[in-house]
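Notes follow the structure.
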Amino acid sequence: LGESTGLPLSALSHPTPVTSDQVEHLHRRFKQLSNDKPTIRKEHFDSIPDLEFNPIRCKIVQAFFDRRNLRQEEDGLVDEINFEDFLTIMSYFRPIEPNMDEEQLQRFRTDKIKFLFHMYDSDHDGIITLQEYRNVVEELLSGNPHLEKGAARSIADGAMLEAAQTCVGPMGPNQVYEGITFDDFLKVGSGGAVAGVLGAHSVAPCA
Amino acid sequence: AQRSSGSPASSNGSQSFAIVSFKWNHVKDPYVITLWVLVASLAKIVFHLSHKVTRVVPESALLIVLGLFLGGIVWAADHIASFTLTPTVFFFYLLPPIVLDAGYFMPNRLFFGNLGSILLYAVIGTVWNAATTGLSLYGVYLTGIMGHLDIGLLDFLLFGSLIAAVDPVAVLAVFEEVHVNEILFIIVFGESLLNDAVTVVLYNVFESFVAIGPEKVTGTECVKGIVSFFVVSLGGTLVGIFFAFLLSLVSRFTKHVRIIEPGFVFIISYLSYLTAEMLSLSSILAITFCGICCQKYVKANISEQSSTTVRYTMKMLASGAETIIFMFLGISAVNPDIWTWNTAFILLTLVFISVYRVLGVVLQTWILNHYRMVQLEIIDQVVMSYGGLRGAVAFALVALLDGNKVGEKNLFVSTTIIVVFFTVIFQGLTIKPLVQWLKVKKTEHREPKLNEKLHGRAFDHILSAIEDISGQIGHNYLRDKWSNFDRRFLSKILMRRSAQKSRDQILNVFHELNLKDAISYVAEGERRGSLAFIRSPSTDNMVNVDFNTPRPSTVESSVSYLLRDKAGPVCLDMQALEQRRKSIRDTEDTVTHHTLQQYLYKPRQEHKHLYSRHEIMHNEDEKQDKEIFHRTMRKRLESFKSTKLGINHPKKLNKIHKRDRGQKRRNSSAIPNGKIPSENPVQDFALKEKDLEFSEPEESNDYETLHLGKGVDFLANVTKQNFTDTPSGIDNPVFSADDDQSVYMKFSPWLSSEDTVVPSQRARVQIPYSPNNFRRLTPFRLSNKSIDSFLQADGPEDRPRSFLPESTHM
């Protein structure tokens, strides 16, 4: 399987347990996107037509190049990713196998939430500040053309407040709520909606 | 005029005029029907008097028993079974409201998310049940245990097909009280709805087979049967969707006939049911999908009051119909004419349907679990098997049978009655303890959290993107495509323009939360006793409050209660309270709440509207409310933002600076208008206070630019060390931070015009405090200018917290 399809062997022994079918499929897709080159840059994602309608497209594409998602120690963004990196990102969304045990499932969920967290936290400081949150919400709601300008901001503000109240409780007069840390994020985001999304919807590759 | 008394008409039929006569036959039919409905409803009241009983016994069971009891009375009195549940009444009048209610309130996302599983259980499961039950009974019959019956294979299959279907009415009735988790519920319930197509087809096919006689059944007939299944089900669905489209379109234009708006929902849905019935398609599917497809657009288009009306009417009709159905099931059972007893048949039927149900569920679940993300565990399967109740649909179908063609109709009827009673009563009784014993995961009722919604939305987009990137067509892809299609075409046609703007779910949650915040804030204020909310019909009802007296006890009803009830626009004319004479801090608590009046709800003159059947006032304050919400939210976050960015200090500097500037101007200012009894020492005291607190409207009214996010600009300005404070518009002192003013109410603010901003001391809460924490109370400000200048009020004037009234002697 390795040499004949041009798959780098390292991909097959990739630490994330993706089945070989999926690897095949993704590799084909990768080659399609990269025009048969070994690496992909951000521009290559523009060739996906359906992605255009996605309001948070930029952030998602950027997430592919985020070092934190690629499990690298440094911070920041890379310019191009190879297939192994591509696989790493995609493996966050692989379908849940029935033989996963509780711990694996938990880790799986945490990974997904972490992915989301990295997406929100654009300056990579580990905290989602109000401005960052506002950016995300505005982008998220940008799909609705009838939304007033201030509404998205207000919503972000409200959500931030809610997070503050949930995570820190009633605050003293001099307390400052810096922003949402990852733990807070887990606490706040572990509600029903997210759990339902996480549990019920992973991406299942079609045959 | 010859008779002088109220005696009934003379029996000799003379030509004399009867003043009063007893016209029983004239009213008999509607009277009896109404009486029965009344009896059923009264019974419900009686049942719910005892909590212990209703917690254990499901209502449906109680109603059946009541029906048996009443039927017994009627029979004993008359020796005829005069009331039965006729299939016509059932199918035309009692079943549609229940199914419409189910469809209209169906959680669509959940439903379509599990549609695959639901369809599998509904179609394959029902066919399996019908086939196995029918064939097994036939097999047993062949062994001769049942004795001799005028019956053939086809009859058995016919019976199997009508007894196999899980009944939506019964499932709803029982599961409503059991509260299993939503996925389990939607699967069982969806199955009960969608199996109607199968039931209809099987029933019709076998009935006609029985009619034409078993000899003439050929292969083509069977093929025709299979084809008819697809036609019936898909046809019914399409009819439903068509009428849903019609309904949504109509609701788009009903802006000027709001009174009859709710009527359209019922009429058009009912038409869909009848149309499908007319075309011999599946009418249950039609009305279900009509409800499912129209709900989004109709709910967006019709007014708030109409929506409430629709909801309540639907629930009332559905609940009423359900009550009547169960009661009449009981009554119809008391009919000795139909009773035929065949122990083997009846017992075996019970056994077979239970066993085969379990088998079917287990098999199908095993298959499904290979394809499902969320697995269905053993516990779920137990509940699903046990919750497969049979109900009135089976009974109506069996009553519909032609006694001439089906030899053993009475036996079938008796068996069906027993089966229905068994499942509803016995299984209904025991399912709750079973669920608890097995520790089935229950629904978690949680308030919608903004964050959850946002994250859910983000994940949706991410998953769609991943699917796009990896080139797969998956669940999210489909849903995304649908929602794009919907947004671009359907919503434009079917939704009112104004509705299109605000139909975003996240916005709805946001507004809901704002409302809740406002309500809890008000409730908190009430609880603390610093506010007396008096609901006054108009702002003319100004009361001259004497500061010396304690809080007037004329609080009509808690305003928060009113708000919670969403009783439309409430006029909050708040009256200041409180003179706790003891401590100085208490005296600070003199407040008024025009804040809320100003910032949340415009006080509304209650129109002395003549009773009009054609018009109602609708809420024209939506835009204003929205603006107010935006404003308040923005202001709330200023504190947040300001503390985060550390602009506390510059801000304070600003204010002190301003205060200094202000003071120079103030000392010579006149006391603003208002009735101020100057003898009151507190007042004098307050007067001095007042001198310091006049706000400085220094900039023009930015009201129009409010919702363009000026708040952030303000902060940006401040960070630039810009000393001209330019907050936008009216500062809602409730939500501004760092306000340490300690100003009293100097005059009766309610005497001023509506637009006066006289926020209460209590009303100033520092965010992100929860409303329960009113420690940092800040007083309000007054203007030395005319009242109108409040519209130009500027940013909050700051004052250190420790600044107590008694130390301000200026």
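Heads up, the Cβ atoms here are built off N, Cα and C, so glycines get one too.
Taken from TrEMBL, the feature transmembrane segment applies to B:31-49 (among others).
As annotated by TrEMBL, domain 'Cation/H+ exchanger transmembrane' applies to B:38-437.
Marked as transmembrane segment by TrEMBL: B:61-77 (among others).
Per TrEMBL, the feature transmembrane segment maps to B:89-106 (among others).
If you look up TrEMBL, you'll see B:118-141 (among others) marked as transmembrane segment. The list of residues near the transmembrane segment (B:118-141) in space but at least 6 beyond its ends in sequence, with Cβ under 8 angstroms from a Cβ of it, reads 111, 149, 151, 153, 156-161, 163-166, 186-187, 190-195, 197-199, 202, 344-345, 348-349, 352-353, 356-357, 359-361, 364, 367-368, 384.
The transmembrane segment annotation in TrEMBL covers B:153-175 (among others). Proximity of distant same-chain residues to the transmembrane segment (B:153-175), defined by a Cβ-Cβ separation under 8 Å and at least 6 residues beyond the stretch ends, is recorded for 58-60, 95, 98-99, 102, 126, 129-135, 137-138, 141, 185, 188-189, 191-193, 195-196, 198-199, 202-203, 206-207, 209-210, 214, 217, 284, 322, 325-326, 349, 353, 387-394, 397-398, 401, 406-408, 412, 415-416, 419-420, 423-424, 427-428, 431.
As annotated by TrEMBL, transmembrane segment applies to B:182-206 (among others).
Here the transmembrane segment (B:226-250) has Cβ contacts under 8 Å with residues 197-198, 200-201, 204-205, 264-265, 268-269, 271-272, 275-276, 279-294, 297-298, 301, 493-495 of the same chain, all six or more residues outside its ends. Feature annotation from TrEMBL assigns transmembrane segment to B:226-250 (among others).
What TrEMBL lists as transmembrane segment is B:257-273 (among others).
Per TrEMBL, the feature transmembrane segment maps to B:310-331 (among others). Here the transmembrane segment (B:310-331) has long-range neighbours at 36-37, 39-41, 43-44, 59-60, 63-71, 74, 81, 83-85, 90, 93-95, 97-98, 100-102, 104-105, 169, 172-173, 262, 265-266, 298, 302, 391-392, 395, 417, 420-421, 424, meaning same-chain residues at least 6 beyond its ends whose C-beta is under 8 angstroms from one of its own.
The transmembrane segment annotation in TrEMBL covers B:343-366 (among others).
Beyond the transmembrane segment (B:378-399), the same-chain residues lying 6 or more positions past its ends with a Cβ under 8 Å from any Cβ of the stretch are 84-87, 90-91, 94-95, 121, 159, 162-163, 165-171, 173-175, 180, 183-184, 187-188, 196, 199, 203, 325-326, 329, 332, 353-354, 357-358, 361-362, 365, 409, 412-413, 416-417, 419-420, 423-424, 427-428, 431, 434-435, 438-440. The transmembrane segment annotation in TrEMBL covers B:378-399 (among others).
The transmembrane segment feature in TrEMBL is assigned to B:411-431 (among others).
Residues annotated as compositional bias 'Basic residues' in TrEMBL: B:649-667.
The feature region 'Disordered' is assigned by TrEMBL to B:649-683 (among others).
If you look up TrEMBL, you'll see B:791-810 (among others) marked as region 'Disordered'.
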Taking the transmembrane segment (B:61-77) as reference, the highest number of CB pairs under 8 angstroms among B:89-106, B:343-366, B:411-431 goes to B:411-431
State the non-local partners of the transmembrane segment (B:411-431) in its own chain: residues 6+ outside its ends, Cβ under 8 Å from one of its Cβ atoms. 56-58, 60-61, 64-65, 149, 159, 162-163, 170, 173-174, 178, 326, 329, 332-333, 338-342, 345-346, 349-350, 353, 383, 386-392, 394-395, 398-399, 401
Determine which residues of the chain contact the transmembrane segment (B:257-273) at the Cβ level, with the cut-off under 8 Å and only residues 6 or more beyond its ends counted. 96, 99-100, 104, 239-240, 242-244, 246-247, 250-251, 283-284, 286-287, 290-291, 294, 298, 302-303, 305-306, 309-310, 313-314, 613-616, 618
